[in-house]
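Peer 1: I have a structure here, written as structure tokens, and I will follow up with some questions on it.
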Amino acid sequence: MPDFLESISNVTVPAGRDVRLACVVEHLGSYKLAWIQKDRSAILTVGNHVITRNKRIGVFHDGHRTWYLTIKNVRPGDAGTYMCQINTETAISQTGHISVVVPPYIKDDMSSGDVSLQERQDLTLACSARGSPVPTIKWRREEDNQRIRTNHSISQLEVHGPLLRLTDVTRTDMGAYLCIANNGIPPAVSKRIEVSVKFLPTVIVPHQLVGVPYGQNVTLECYVEAWPKGLNYWKRPNGIDILHADEKYVVKAMPGSQKYKTHMLLTIIHVSKADIGEYNCIANNSQGGAEQVIRVSASSPPQHNRNAIDKDGSSALKDEHEDLRKSPPRKYQNPQHDTNTKILNQGLDIDLSLLPPSASSASLPFLHMSRCTSSCLGIVSVIVTVVSSPCCLLILLLLSAGL
């Protein structure tokens, strides 16, 4: 009588591969061995003959005791239980199982595509995946370590599930999101969904007042945030737009850390008096416009100013100061005897008055400047010699004021 020597091994195979089941029998004699797909009660082969019309299925005998059922290019529908049966008076049989694993794949027609929405709206992204076993789905942002903000108080590196819900979307939520499907059968697959958030431009100026000496170069900067991108440019104090670089201006627009950010730079070459004034950094897109003002001022007076430095590097007023130092000292008369004592220096009235009468005669005087005219400009130098009795103490006061 026929007898099975070995049990049929269960097989797990990826879709698209070939597979075979082995049935080992001794003493088969004149009996026939058949392969049957048990789940469908379908006879596939009898002896060396293939019964099914499925051309992917075959059978062969190794010439000894083993009969093989072969299936080429396995499909998920081939998964199930297969029976090796011998047609004895009471049929004997044994079974084996084929498991077909399918790497994950994403159904694009059931998943979200790239999306654009207004800032402060809500958004739901969907991702549908198939495979065997059933794949799990997780979401993450394309940029490393960028968190997903599902609401105002919760942000995560990964979100699990076929749906990703974002509430009150802002510009910081803009970017690429990855839907990743995995079922343990390599390779895992992903779908990239680009989220664009539309909003009005904003312009940020780090320095609203910039000082520069005449003849030097100066660079103005502003930061623009806008999506979709639009036209960013500068406007001169005379109202003329600066759109391109020329011999007077160098214009640069540098991309920021996010695609909606732009770093605007305007370099003014050899600043002159005509360049002093307000410059506008302007941004416009389909959502609207915004601008900020930077005021450029001269950080030092023009060359014709009285405080200017001569070509030889000395101050124009230095000589005047030296002359005053060389002039004979003037004795100070005690104002108790003359309260109207004055010293006239280049048209500048200087009134000398004592401390209150209760003070001692040795009290130091106050120096009061009144009716200051244009002669106040520059450096005022007064040398006063005070002789106080009875100790005959000589005090030399040098007062200098740069106005």
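Heads up, the Cβ atoms here are built off N, Cα and C, so glycines get one too.
Where the annotation comes from TrEMBL, it is an automatic prediction and has not been curated.
Below are the features I grabbed from TrEMBL:
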DOMAIN    2-99  domain 'Ig-like'
DOMAIN    104-196  domain 'Ig-like'
DOMAIN    201-297  domain 'Ig-like'
COMPBIAS  297-306  compositional bias 'Polar residues'
REGION    297-340  region 'Disordered'
COMPBIAS  307-326  compositional bias 'Basic and acidic residues'
TRANSMEM  377-399  transmembrane segment
Peer 1: Quick check on the domain 'Ig-like' (2-99): DSSP residue counts for helix, strand, coil, in that order please.
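Peer 2: Summed by class, the stretch gives 6 helix, 52 strand, 40 coil.
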Peer 1: So what's the average pLDDT for the domain 'Ig-like' (201-297)?
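Peer 2: The answer is 96, the mean pLDDT of the model over that range.
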Peer 1: Can you count helix, strand and coil residues in the domain 'Ig-like' (201-297) using DSSP?
Peer 2: 3 helix, 59 strand, 35 coil
Peer 1: With helix taken as DSSP H, G or I, strand as E or B and everything else coil, how many residues of the domain 'Ig-like' (104-196) land in each class?
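Peer 2: DSSP classes over the domain 'Ig-like' (104-196) add up to 6 helix, 47 strand, 40 coil.
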